[in-house]
């Protein structure tokens, strides 16, 4: 892991020492080399144990795909942000790149942590650069309100988790992920143990977010710049799922009676947020609510605690991260040309930008989980494991799948088909940078299909 951490740290001073002419090419080249280097971690995913650098940082089959996704996203964020930042003062450009690099560093340390308190500290640390990106580079005046929602929802959910972890440390004597599965469980009174279980889970359910705790997410997505939306959808939401998977081992005996209301709420959220997507007029808001819907399915897969549920949840997290980030990039390319996120005012773009319509079509199909994309693999595994747990869940997941297909097609048809409005006849063409950005998002989805060993059997142990 040092071969990735050291170049990432080196990128911070490089951003401030490089001349203004070479700032973006240097940052992009170095971040892409880091991303390519991180792919070598995937060679360890066939093992069932940890590949530890030391007692605090390591990789295992659960954390490795999320680490690679975190590293892969930085060059894509730089590519997507280059156009709208080029007119800003050089110091603001340098600060923007520094914040994104710092965020990647925190994410690597969070997913690579082998100690729960270190994971908690990095989990909270990601809040700082994300909040600065949203409030300082957002497009509208509502960005301060969105930042406040993001800050207080995250902190209110996370503080009980800190208390729960300290209680667990006091009981077991350790919070190391290498030892804690074999440590003695925390002994509390029945009511106290249920409160402790909720304290452990609420922080991650807010971060995912679960339906009912999701109000911060659409605001943050809509007001954030494109890089903020990308990192929120692709990686930060996955911190919640990753934390749930890690703590489920410790919470195991109690979880069997505590998960029922949360599974029902997650699956009901899939239907409700999907229905909200069908009546959205704001393109970024639609994609944001789509993320809530997909992460509800992930939460259901994790909470039933079966190997198929865990594997499907991890596959869907990776696939959704790439597809959702791609959709936010496409929404940004529309916004840069039309200066509007309203779909009624920016429709019929197939006539003006036919190549971008191809990327819109592929990304929309990935969002609705068309075979043979890994989105379908993840959803099928979660739906199958939920059906095995209770046949009644098939009604909720089936309706949710149909609504997902409906709003994905609605989004594509509203933005791409129909007559081109009169105020949009002189649009700039699509650029090579934008096509490269979309290729780097969607080609990895196809590569996952070609190497199913990366996906199948991660949790066979």
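Positions of Cβ are set from backbone N, Cα and C atoms, glycine also.
Predicted, not measured: the structure shown is a model, and the values here were computed from it.
In TrEMBL this protein carries:
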DOMAIN    1-110  domain 'NADH:ubiquinone oxidoreductase chain 4 N-terminal'
DOMAIN    113-404  domain 'NADH:quinone oxidoreductase/Mrp antiporter transmembrane'
TRANSMEM  62-81  transmembrane segment
TRANSMEM  93-111  transmembrane segment
TRANSMEM  117-137  transmembrane segment
TRANSMEM  149-168  transmembrane segment
TRANSMEM  195-217  transmembrane segment
TRANSMEM  224-244  transmembrane segment
TRANSMEM  259-279  transmembrane segment
TRANSMEM  286-304  transmembrane segment
TRANSMEM  310-330  transmembrane segment
TRANSMEM  351-370  transmembrane segment
TRANSMEM  390-415  transmembrane segment
TRANSMEM  436-459  transmembrane segment
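Using a cut-off of 8 Å between Cβ atoms, the transmembrane segment (390-415) and the transmembrane segment (259-279) share at least three residue pairs, counting only pairs 6 or more apart in sequence. Against the transmembrane segment (149-168), stretch 195-217 shows more Cβ pairs under 8 Å than any other of 62-81, 93-111, 117-137, 195-217, 351-370. Over the domain 'NADH:ubiquinone oxidoreductase chain 4 N-terminal' (1-110), the average per-residue pLDDT in this prediction is 82. Listed as Cβ neighbours of the transmembrane segment (93-111) (distance under 8 Å, sequence separation of 6 or more from its ends, same chain) are residues 1, 4-5, 8-9, 11-12, 15-16, 23-24, 27, 31, 57, 63, 66-67, 70-71, 73-74, 77-78, 81, 85-86, 118-119, 122-123, 125-126, 129-130, 132-133, 137, 227, 231, 235, 239, 242. Put simply, of 62-81, 195-217, 224-244, 259-279, 286-304, the stretch with the most CB pairs closer than 8 A to the transmembrane segment (117-137) is 224-244.
Tallying C-beta pairs under 8 angstroms between the transmembrane segment (286-304) and each of 62-81, 195-217, 224-244, 259-279, 310-330 places 259-279 first.
For the transmembrane segment (62-81), same-chain residues at least 6 beyond its ends with a Cβ under 8 Å from one of its own Cβ atoms are 4, 24, 27-28, 31-32, 34-35, 37-39, 41-42, 44-45, 96-97, 100-101, 104, 107-108, 111-112, 225-227, 230-231, 234-235, 238, 242, 245-246, 314, 317-318, 321-322, 325, 329, 332, 433, 436-437, 440-441, 444, 454, 458-459.
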